[in-house]
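> What Swiss-Prot records for this protein is below:
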type	residues	note
SIGNAL	1-19	signal peptide
CARBOHYD	Asn71	N-linked glycosylation site
CARBOHYD	Asn222	N-linked glycosylation site
CARBOHYD	Asn263	N-linked glycosylation site
ACT_SITE	Asp291	active site
CARBOHYD	Asn326	N-linked glycosylation site
CARBOHYD	Asn333	N-linked glycosylation site
CARBOHYD	Asn365	N-linked glycosylation site
CARBOHYD	Asn453	N-linked glycosylation site
CARBOHYD	Asn534	N-linked glycosylation site
CARBOHYD	Asn553	N-linked glycosylation site
CARBOHYD	Asn575	N-linked glycosylation site
CARBOHYD	Asn679	N-linked glycosylation site
CARBOHYD	Asn725	N-linked glycosylation site
REGION	731-764	region 'Disordered'
Amino acid sequence: MRFGWLEVAALTAASVANAQVFDNSHGNNQELAFSPPFYPSPWADGQGEWADAHRRAVEIVSQMTLAEKVNLTTGTGWEMDRCVGQTGSVPRLGINWGLCGQDSPLGIRFSDLNSAFPAGTNVAATWDKTLAYLRGKAMGEEFNDKGVDILLGPAAGPLGKYPDGGRIWEGFSPDPALTGVLFAETIKGIQDAGVIATAKHYILNEQEHFRQVGEAQGYGYNITETISSNVDDKTMHELYLWPFADAVRAGVGAVMCSYNQINNSYGCQNSQTLNKLLKAELGFQGFVMSDWSAHHSGVGAALAGLDMSMPGDISFDDGLSFWGTNLTVSVLNGTVPAWRVDDMAVRIMTAYYKVGRDRLRIPPNFSSWTRDEYGWEHSAVSEGAWTKVNDFVNVQRSHSQIIREIGAASTVLLKNTGALPLTGKEVKVGVLGEDAGSNPWGANGCPDRGCDNGTLAMAWGSGTANFPYLVTPEQAIQREVISNGGNVFAVTDNGALSQMADVASQSSVSLVFVNADSGEGFISVDGNEGDRKNLTLWKNGEAVIDTVVSHCNNTIVVIHSVGPVLIDRWYDNPNVTAIIWAGLPGQESGNSLVDVLYGRVNPSAKTPFTWGKTRESYGAPLLTEPNNGNGAPQDDFNEGVFIDYRHFDKRNETPIYEFGHGLSYTTFGYSHLRVQALNSSSSAYVPTSGETKPAPTYGEIGSAADYLYPEGLKRITKFIYPWLNSTDLEDSSDDPNYGWQDSEYIPEGARDGSPQPLLKAGGAPGGNPTLYQDLVRVSATITNTGNVAGYEVPQLYVSLGGPNEPRVVLRKFDRIFLAPGEQKVWTTTLNRRDLANWDVEAQDWVITKYPKKVHVGSSSRKLPLRAPLPRVY
């Protein structure tokens with residue numbers, strides 16, 4: 001296997017150890033170009049709710065050989081087993097097949113007889129913790145029933161720095177608090193169903209352009225390294241790390257490191273983000289897995305905190321691996337300490353036991369690589385047994401109900417001048433626009449949904465699933481209108497503008513459907529290389545709206561999109577009587593929409609992002625051209641914490657629709673704000689102190705002779721194994737640079753297993769436990785002042801004070817039901833983290849002495865209640 005594994009590892013480690021500052025001469029923030037080293041990689045200790053699972057993990061790992069431990073850490077290769085990623089097995093100890101990891105955050109990818117759930121952005125639009133949990137639980141049940149151990153989701157990266165970022169729809173919202181809560185609830189739901197959840201993509205994975213070298217070169221960009229997202233420490237903590245802290249506190253079992261570099265160190269070998277922030281500061285007890293082919297070194301990644309390499313090979317189907325045999329070699333020759341591989345295995349097995357995989361596990365009953373019933377056991381090389389690979393297990397249960405409910409609960413009513421709800425008495429209804437109809441190639445006609453044909457209910461990429469069916473808006477509206485005795489006329493060709501004009505001129509109400517799509521960078525649709533080229537509507541959408549509006553004075557516009565689109569040309573046209581954003585609602589799309597259109601569901605959704613007048617309104621453009629020669633493109637996050645509504649507030653720019661905005665068929669009033677300091681004597685902040693125990697080791701390493709390929713083993717071509725060809729470690733590694741001195745490439749302290757000092761901001765999963773002590777109670781009275789029952793989403797924002805802070809930041813929210821005339825007192829609390837800022841010098845959270853205020857209302861700019869916060873330190 002001649003591919004310079006140790007050479008790559010050595011160079012990578014040396015660059016970190018020597019604190020090399022990469023060229024970033026174009027930027028204003030030179031200090032952002034460097035990621036400080038942090039070693040050694042913290043070892044798991046089973047804190048809190050992890051204790052029992054950790055104990056069981058230690059027990060089984062103590063019985064494993066080195067090769068068995070390595071087998072758990074390394075995927076067997078792309079298309080080598082049933083799942084998109086699958087580790088080796090440990091049959092001697094009852095792990096008879098490798099751990100199965102499978103996409104995606106909205107349903108099972110590459111499968112059948114599964115559900116297609118609403119996207120993460122729709123969950124954010126509900127602002128509903130219970131619905132987030134129930135969706136996670138339903139997805140977890142389906143993955144479990146298919147034999148999946150690790151669900152590769154949910155996502156909080158990208159967070160949403162760029163409104164045109166290709167994968168923002170997979171996550172939740174550009175607000176860290178909204179994302180963090182729904183991220184955590186989704187994780188709880190998945191893991192309560194017995195499946196390991198994966199918090200991804202960690203971290204600063206905010207655009208698709210330049211995320212992978214080969215992909216970028218395929219689009220004609222001459223780069224040799226992936227993009228570097230360069231951020232300061234305060235912004236990292238207060239914005240991008242925030243939801244991952246919530247995920248760790250919720251007990252997430254796995255974290256997926258990202259393709260991009262962070263401050264010029266690759267995400268899956270960045271000791272600052274993996275060792276320090278995730279494992280030492282946030283106290284993460286689970287395992288870190290690489291994104292697929294985001295693993296760039298052997299020793300460097302192992303020492304920097306990576307625990308699992310996926311899918312195991314360096315490039316898809318090349319049969320080469322940074323780990324596998326090479327990880328075995330590196331432990332035997334002392335390059336990687338035994339305790340580090342022990343910790344990898346313990347972390348993996350701890351997550352396994354924590355969610356109950358030992359009780360629930362069944363073999364994968366589907367193949368990711370074919371829909372045929374029979375196929376090769378090892379698809380990539382057509383080897384192994386020709387066997388039954390698909391059992392066609394229907395795992396949908398009754399999940400269509402929660403999908404339909406979330407679809408309706410996430411339908412944002414942006415504008416309504418009395419057009420909605422429809423009465424059902426409309427005689428002639430026009431349904432206009434391609435986005436209302438079916439994909440002529442079928443709902444799953446485009447691989448990984450990589451096209452924009454028909455209605456948009458899911459965007460594209462690995463974050464997708466096959467639809468079991470797709471109820472289009474046209475189908476659902478037609479069924480509704482016919483049942484009411486009316487007439488419905490549909491034109492779903494966006495080029496048929498004259499026909500649309502004819503229908504619109506005859507209709508009592510015209511429903512216009514438009515969309516905007518995006519996705520993962522390995523697919524380009526109409527020149528959109530994952531990221532959107534702009535924020536305009538797709539498929540001639542503006543012309544469709546203009547045509548219909550000019551012929552019908554009761555036009556309702558429905559937008560299916562991955563994020564914000566530009567609507568400034570037409571949103572205030574008086575003939576546009578209502579605007580709906582329906583996002584990416586999944587398989588029940590049409591039914592969910594009709595429930596809202598006809599008033600069976602009173603809309604309560606709130607937009608999870610800001611609707612600006614222009615792309616420039618959002619700040620810095622997405623990086624679409626290399627800016628560092630053929631080196632790593634440099635994306636400096638110079639805006640700091642000021643993204644989305646925080647950016648608009650800083651610029652004092654009025655958006656078209658602000659973050660948190662959403663109308664209802666009723667009205668709500670806010671009154672009687674009360675703010676009360678809680679007993680602070682028992683809640684003083686206590687920085688964590690002390691040190692860890694020494695790094696534990698489990699079992700004996702043995703010698704090279706113990707890890708030769710087993711006699712009689714029929715090797716599968718390109719399959720990644722942990723064993724050695726020879727007792728000569730240099731020969732087994734087959735690396736021309738074998739034998740380098742450790743001092744040339746091992747970072748200082750990287751192999752130190754002695755007790756290590758605890759970080760002040762650490763101490764428990766999620767960070768210092770006293771960060772989560774409640775300091776202030778806030779209550780307000782919410783009244784339904786209208787004539788229709790409905791849900792309202794009260795939102796609490798805090799002004800943290802200080803000259804360089806956002807005007808307000810969201811901290812708490814809820815979704816409460818109120819009958820007409822009903823009042824409820826909504827009560828919530830603010831904890832220390834809610835009121836603190838990250839102090840870069842102190843490396844800890846600090847409540848500053850600047851005066852602070854609390855604001856309560858229905859959106860980020862409709863905050864009728866406000867009061868000063870009591871001083872709490």
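Cβ coordinates are placed from backbone N, Cα and C, and glycine is handled just like the others.
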> How many neighbouring Cβ atoms, not counting its own, are there within 10 Å of the Cβ of Asn365 (N-linked glycosylation site)?
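So the Cβ neighbour count for Asn365 (N-linked glycosylation site) comes to 18.
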> Helix, strand or coil: which one is Asn71 (N-linked glycosylation site) in, per DSSP?
helix
> How does the region 'Disordered' (731-764) divide up by DSSP, counting helix, then strand, then coil residues?
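Helix, strand, coil within the region 'Disordered' (731-764): 6 helix, 1 strand, 27 coil.
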> Neighbour count, 10 Å Cβ-Cβ cut-off, for Asn326 (N-linked glycosylation site): what number do you get?
28
> Return only the integer: C-alpha distance in Å from Asn326 (N-linked glycosylation site) to Asn333 (N-linked glycosylation site).
10
> In Å, rounded, how far does the Cα of Asn725 (N-linked glycosylation site) sit from the Cα of Asn71 (N-linked glycosylation site)?
16
> Can you give me the same-chain residues 6 or more apart in sequence from Asn553 (N-linked glycosylation site) with a CB-CB distance under 8 Å?
Pro574, Asn575, Thr577
> Spatially speaking, which of the recorded positions Asn222, Asp291, Asn365, Asn453, Asn679 is closest to Asn333 (N-linked glycosylation site)? Use C-alpha to C-alpha, please.
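For Asn333 (N-linked glycosylation site), the closest Cα among Asn222, Asp291, Asn365, Asn453, Asn679 is found at Asp291.
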> Note down the number of other Cβ atoms within 10 Å of the Cβ of Asn71 (N-linked glycosylation site), including every protein chain shown.
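For Asn71 (N-linked glycosylation site), the count of other Cβ atoms within 10 Å is 27.
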> For Asn679 (N-linked glycosylation site), which of the three DSSP-derived states applies: helix, strand, or coil?
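Going by the DSSP assignment, Asn679 (N-linked glycosylation site) belongs to neither helix nor strand, so it counts as coil.
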> Of these glycosylation sites, Asn222, Asn453, Asn575, Asn725, which scores lowest on Cβ atoms within 10 Å?
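Selected from the glycosylation sites Asn222, Asn453, Asn575, Asn725 on minimum Cβ neighbours within 10 Å: Asn222.
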> Please name which of the recorded positions listed here, Asn222, Asp291, Asn534, Asn679, is nearest in space to Asn365 (N-linked glycosylation site), Cα against Cα.
Asp291
> Measuring Cα to Cα, how many angstrom lie between Asn534 (N-linked glycosylation site) and Asp291 (active site)?
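Between the alpha carbons of Asn534 (N-linked glycosylation site) and Asp291 (active site) there are 27 Å.
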> Using a 10 Å radius around its CB, how many other CB atoms surround Asn534 (N-linked glycosylation site)?
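There are 12 such Cβ atoms around Asn534 (N-linked glycosylation site).
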